[in-house]
Structures are given as C-alpha cells and as structure tokens.
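Single-structure report; data block below.
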Amino acid sequence: MASEELASKLQRRLQWEEGDSGLQPAPGAAPDPEPQPQPPAWAPTARADAELSAQLNRRLDINEGAARPRRCKVFHPYSEFPEFSRRLIKDLESMFKLYDAGRDGFIDLMELKLMMEKLGAPQTHLGLKSMIKEVDEDFDGKLSFREFLLIFHKAAAGELQEDSGLMALAKLSEIDVALEGVKGAKDFFEAKVQALSCASKFEAELKAEQDERKREEEKRKVRQAAFRELKAAFSA
C-alpha cells in the first residue's frame with residue numbers, strides 16, 4: 001500500500017515537472033519575436049475622411065470670407081490690360097517696385113501711406129484702407145501688381161470718383177499716362193471707338209473687293225462657257 005502511494009506521488013510529481021517544462025523555453029533557444037502591432041484596417045479611410053473634412057472646412061471659410069482662396073492663375077498683364085501699352089505697363093511696374101519697400105510683391109498699408117505722401121496727397125488711415133478695399137480682389141488688405149494696374153484701369157474707364165484717393169494716385173503719378181486715358185478717359189475711349197470704326201470700315205471695303213472679284217470671276221466663267229458653246233456650234 002505504501003509503495004503504491006509513493007509511486008502515485010512520484011507519478012504526479014513527474015507530470016507536474018513535465019507540465020512546467022512545456023511552459024518554459026528551452027535553454028539557449030532564442031525567444032520568439034514579439035508580434036508587431038498592425039495598423040487598423042480603417043486607418044487609410046480615416047485619413048481620407050480627415051483630408052476631405054479639411055477641404056470642406058476651407059471651402060466654407062472661403063465662402064464666408066474667413067479664408068482667402070489660393071490663386072493659381074498666372075497673371076498676364078499685357079493680355080488682361082490690352083488698353084495699356086507694353087511701355088506703360090513696364091513704367092507702372094517700375095513704380096510699383098519703387099514703393100514695394102518690403103520686396104514681397106505687394107504694397108501694404110504703410111507703403112501706400114508713404115507713396116501718397118511722396119505724391120503730395122497724404123491720406124488718413126481710413127482713407128488708405130478705403131483705397132485698398134476698392135481694388136482688393138483677394139481681400140488680403142494689400143495691393144498686388146494686378147490690383148495696382150486695376151487702379152489705372154478704373155481711372156481710364158471713369159469708374160473712380162474725382163476726389164477719391166485712387167484718382168489722386170493715378171493723376172499724381174510721375175508716369176505720363178494721359179494718352180492711355182487716366183487723365184483723359186474721354187479721349188482714350190473716343191480714340192478706341194474711332195479705331196474700331198476704322199477697322200470696321202476697312203473690313204467693309206475688303207469684303208466689297210472680295211465680292212467684286214467673285215462677281216468678275218462668275219462673269220468670266222459665263223463668257224468662257226458661252227464661247228465654248230459657240231465654238232462647238234461652228235465645229236458641228
């Protein structure tokens with residue numbers, strides 16, 4: 001009986017040790033590498049949703065005037081302001097760069113203040129802000145070169161009030177732009193109408209000459225056909 005109990009205890013002891021050895025790694029064996037965390041399957045979708053949400057929020061801000069839209073369009077002054085000569089645009093560009101003290105491609109409020117003082121027409125703070133606002137297409141509170149040209153375009157078209165700061169800028173600039181209509185908008189547009197009238201007259205004369213040549217060609221063909229018929233009649 002005692003031997004059976006001892007054998008039973010030994011058997012249980014062996015089973016217990018074998019169970020522990022199965023849980024422990026073998027001596028000298030390299031430990032299994034820890035599994036790397038896998039990114040959740042919804043991560044790309046979450047990023048796409050975040051980007052779309054950011055785009056929608058920016059569009060809402062632009063529509064509400066809280067953000068400025070990015071301008072990707074390339075500015076071509078000669079095509080956008082065809083009423084100005086290339087020389088005039090070059091002169092206006094030189095003037096713009098002269099007062100762009102920060103060399104950032106814009107004339108800000110302080111630079112505009114200095115410009116108007118040098119031109120002999122100083123403006124109040126509110127007056128300067130009003131000048132910028134009148135041509136500030138992108139609502140950034142400063143003048144780009146395109147907006148600077150727009151001042152002279154509006155002056156030539158008679159779209160500025162005579163006593164406005166922008167009209168003073170256009171009139172007092174050192175550049176002679178009278179021929180372009182800034183100081184004589186009426187003469188400018190009358191000259192433009194006259195040029196269009198001359199062009200229309202030239203086109204009318206050219207068309208009349210073309211019609212006359214067509215009629216002469218038709219008459220010549222009729223005469224040739226009649227001659228061939230007459231010749232055929234005599235040959236018969």
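From the backbone N, Cα and C atoms, a Cβ is placed for every residue, glycine too.
Bear in mind that the values here come from a model prediction, so they are computed numbers and not experimental data.
What Swiss-Prot says about this one:
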- 1-48: region 'Disordered' (REGION)
- 28-42: compositional bias 'Pro residues' (COMPBIAS)
- 87-122: domain 'EF-hand 1' (DOMAIN)
- ASP100, ASP104, GLU111: Ca(2+) 1 binding site (BINDING)
- 123-158: domain 'EF-hand 2' (DOMAIN)
- ASP136, ASP138, ASP140, LYS142, GLU147: Ca(2+) 2 binding site (BINDING)
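Long-range Cβ proximity for ASP100 (Ca(2+) 1 binding site), meaning a same-chain Cβ under 8 A and a gap of 6 or more residues, is found for PHE106, ILE107, GLU111. Less than 8 angstroms from the CB of ASP104 (Ca(2+) 1 binding site) sits no same-chain residue that is six or more residues away.
Among the listed binding-site residues, namely ASP136, ASP140, GLU147, the Cβ with the most fellow Cβ atoms inside 10 Å is that of GLU147. Of all Cβ atoms in the protein chains displayed, 13 besides its own lie within 10 Å of the Cβ of ASP138 (Ca(2+) 2 binding site). Excluding the listed site residues ASP100, ASP104, GLU111, the same chain places TYR99, ALA101, GLY102, ARG103, GLY105, PHE106, ILE107, ASP108, LYS142 with Cβ atoms within 8 Å of the centre of the Ca(2+) 1 site Cβ atoms.
Other residues of the chain with a Cβ within 8 Å of the Cβ centroid of ASP136, ASP138, ASP140, LYS142, GLU147, the Ca(2+) 2 site, are PHE106, ILE132, VAL135, GLU137, PHE139, GLY141, LEU143, SER144.
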